[in-house]
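Copied over from TrEMBL:
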ACT_SITE  Lys211  active site, schiff-base intermediate with substrate
BINDING   Glu251  Mg(2+) binding site
ACT_SITE  Lys266  active site, schiff-base intermediate with substrate
Amino acid sequence: MPFNGRPKTLIAPSTGYPTTRLRRPRQADWSRRLVAENALSVNDLIWPVFVHAGDEPRIPVESMPGVMRYSVAELAEVAREAADLGIPVIGVFPYVEGELKDAQGSYAVADNNVVCQAVEAVKNAVPTLGVMCDAALDPFTSHGHDGLLEDGSILNDETVEILVRQSVLQASAGCDIISPSDMMDGRVGAIRKGLDEAGFQGVLIMSYAAKYASGFYAPFRAAVGSASTLGSASKSTYQMDPANSDEALREVALDIAEGADMVMVKPGMPYLDIVRRVKDTFGVPTYAYQVSGEYSMIMAAAERGWLDGERAMMESLLGFKRAGADGILTYFAVEVAKRLR
Ligand SMILES: NCC(=O)CCC(=O)O
Ligand SMILES: [Mg+2]
């Protein structure tokens, strides 16, 4: 914007060294804080949590140091702690036992499945905490794909029908935000319509709008038990090619047109350019998912003493804010919230 009728560039640093010294404001903590352009707040955090149907309160996830699979009862407890720390939302991800999986992912739409139990328990314990659930079949299918598989292909429209049922079921259990993470075409519009017809006009949709076929999801797949079912199969016919950037804008545009309230870019750190483009182009609430592989890389290097884990954690999250994200899904959420208090 012009200022006093002159373009900003002309009134920006015009003299240069030695009059202008950019080190001057960096000289003390107070001055660095005064000129800081971005800040991370507890309000920016979404905490993804894993839940299992058994009684064991906490089962450590080997591929993600410090991360647990909680029982439903324990999840209600830790959800309360998260809310007390000021975290606005948790995302519930199920670990599903092998015998409950089939090719159709039937358990995803089964009444009172572990996701429903978890959502109900959390909403009963902490009604003020937002709860978000994925719409996708990968934790539930015997082949580990996010959709229905026929002759080696993932069926789009048939999958969308199931995702609508899954979304309505989760909304009935009390879920506040449905997050379609499957990357089928048209699913956001179909889910919006399904939710509205079932009376859930108030349930939000945060779409995984630009979700890339990434190698950084591996530790998560071990956590939800889809690593063994998926094997070496690829999700490249529905998730995005890491080579693409313009295509992400088309994905986001369609999801907004179909009714997404918020959009997400995933993974996070290798895709900060996409976060920035999405935010600048659309100006909608934009989120980034710092995925399991990003988390585990930092944790593993910290465990070896190769980097200062806490510092890397805070710096990585600030990077999302700088890129324009309104919030971050991160397995560090509780640690960060404690630090920010
Ligand atoms: N739909 C949720 C995920 O796929 C999470 C991936 C990760 O954290 O690696
Ligand atoms: Mg799409």
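Here the Cβ of each residue, glycine as well, is placed from N, Cα and C on the backbone.
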In angstrom units, rounded to an integer, how far apart are the Cα atoms of Lys211 (active site, schiff-base intermediate with substrate) and Lys266 (active site, schiff-base intermediate with substrate)?
5
CB neighbours of Lys211 (active site, schiff-base intermediate with substrate) within 10 A?
27
Whole-number Å distance between the CA of Lys266 (active site, schiff-base intermediate with substrate) and the CA of Glu251 (Mg(2+) binding site)?
13
Could you list, ordered by sequence, which of these recorded positions: Lys211, Glu251, Lys266, have a Cβ under 6 Å from ligand 2?
Glu251
Cβ neighbour count within 10 Å of Glu251 (Mg(2+) binding site)
23
